[in-house]
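Annotation comment: Swiss-Prot describes 1-18 as signal peptide. Marked as domain 'Peptidase A1' by Swiss-Prot: 90-404. According to Swiss-Prot, the active site annotation covers Asp108, Asp294, on the basis of sequence analysis. What Swiss-Prot lists as disulfide bond is Cys123-Cys135, Cys332-Cys370. What Swiss-Prot records for Asn138 is N-linked glycosylation site. Here Swiss-Prot flags Asp268 as Zn(2+) binding site, drawing on similarity to another entry.
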Amino acid sequence: MLLKNILSVLAFALLIDAAPVKRSPGFVTLDFNVKRSLVDPDDPTVESKRSPLFLDLDPTKIPVDDTGRNDGVDKRGPVAVKLDNEIITYSADITVGSNNQKLSVIVDTGSSDLWIPDSKAICIPKWRGDRGDFCKNNGSYSPAASSTSKNLNTRFEIKYADGSYAKGNLYQDTVGIGGASVKNQLFANVWSTSAHKGILGIGFQANEATRTPYDNLPISLKKQGIIAKNAYSLFLNSPEASSGQIIFGGIDKAKYSGSLVELPITSDRTLSVGLRSVNVMGRNVNVNAGVLLDSGTTISYFTPSIARSIIYALGGQVHFDSAGNKAYVADCKTSGTVDFQFDKNLKISVPASEFLYQLYYTNGKPYPKCEIRVRESEDNILGDNFMRSAYIVYDLDDKKISMAQVKYTSESNIVAIN
């Protein structure tokens, strides 16, 4: 998902929604409830599970849519969060304030600020179906109800590339996540937004939307001794699975095959690494550029020439809707793999089916072709349709990202990142 803050910083998002279920000496865990809803798959802020996309079009045309603690001497350890498999977002429950006000927020690896809607926030409709207090349907924050709330009297504003935004003031209060309690955490209490949920940004401090840098939540987790390092690992699980997991300060060694390969982060602001090439069922496409690993983006984006090469290698054909909008479609039964070659001979293989999305007419019948979920952009972005095939460790302290081919399993072997 593409976002921009008011300082024109490019950001991207991963989403998470959860409730703490247990706490042990080794780990803090969050379990998530799967919800189903039907929304526009191009809305990066709406909770959009794996529901079918229904199309209002002429039958002959196609549209364009769119964790815990270690028992050893060091008491710091990983904080594990179980993720819902949603078509757009992964969302998680947090608590805010002395009275533990519960909110569901987007956990965003691309942005770096936590913001939540005020209980009196004005919700500005942007997407079809936005009605009433939609921006507060996933919880809101009442500063007056918390004895530990502090208004810093500093304005906050962030704007996303899709045009949605959030405006408010900076506050400090206690934030709870996965059973861990973070004291005096700085965040924005938003009084006007067109987004459907608050966002918990966990990216680089340099990507914060504030003029003055501050300790965002991952940094606070480390400084307050909850985790040993500002790092987290991500397991989105298979397309059919109902949940995945993010672990703050830890790695689940059962969730990948072979060894993790370390790659340097190539940007001072975004979580990007170098990608050499993409091999589409035997046809090689050179990239040789940085690519953002963005769990908050459902599909993948490349600069135009690279995107078109990948699309055509997948058998893409151009179709137009009645308004003249262009879409690339292909046979839904296309098989094989799309192999991503990174530095250090790291290869991540992705089923071709991950890049094909079934379309439906408004009468519920499937369209005979699938949309290719690769699009043209100014930026190279690998979204969820790539990331489900990789186990990814983001180390913000050492500015590196480690990856391996994912292993879909219910087994677990979580160790702390020290």
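Using N, Cα and C of the backbone, Cβ positions are placed for all residues, glycine too.
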| remark: the residue listed as 'Zn(2+) binding site' falls, by DSSP collapsed to helix, strand or coil, into coil
| request: Could you tally the C-beta atoms, other than its own, that fall within 10 angstroms of the C-beta of Asn138 (N-linked glycosylation site)? | output: 20
| field | Rounded Cα separation (Å) that holds between Asp268 (Zn(2+) binding site) and the residue listed as 'N-linked glycosylation site' | value | 32
| note | In this structure, the one of the disulfide-bonded residues Cys135, Cys332, Cys370 whose CB has the fewest other CB atoms within 10 Å is Cys332
| request: Do me a favour and check the Cα-Cα span between Asp294 (active site) and Asp108 (active site); whole Å is fine. | output: 9
| message | For a quick check of packing: other C-beta atoms within 10 Å of the C-beta of Asp268 (Zn(2+) binding site), how many? | response | 10
| remark: Using a 10 Å radius on the Cβ of Asp294 (active site), the other Cβ atoms enclosed count 29
| remark: Nearest to Cys123 (disulfide bond) by C-alpha distance, among the recorded positions Asp108, Asn138, Cys332, Cys370, is Asn138
| said: Suppose you look only at the domain 'Peptidase A1' (90-404); what would the mean pLDDT be? | reply: 92
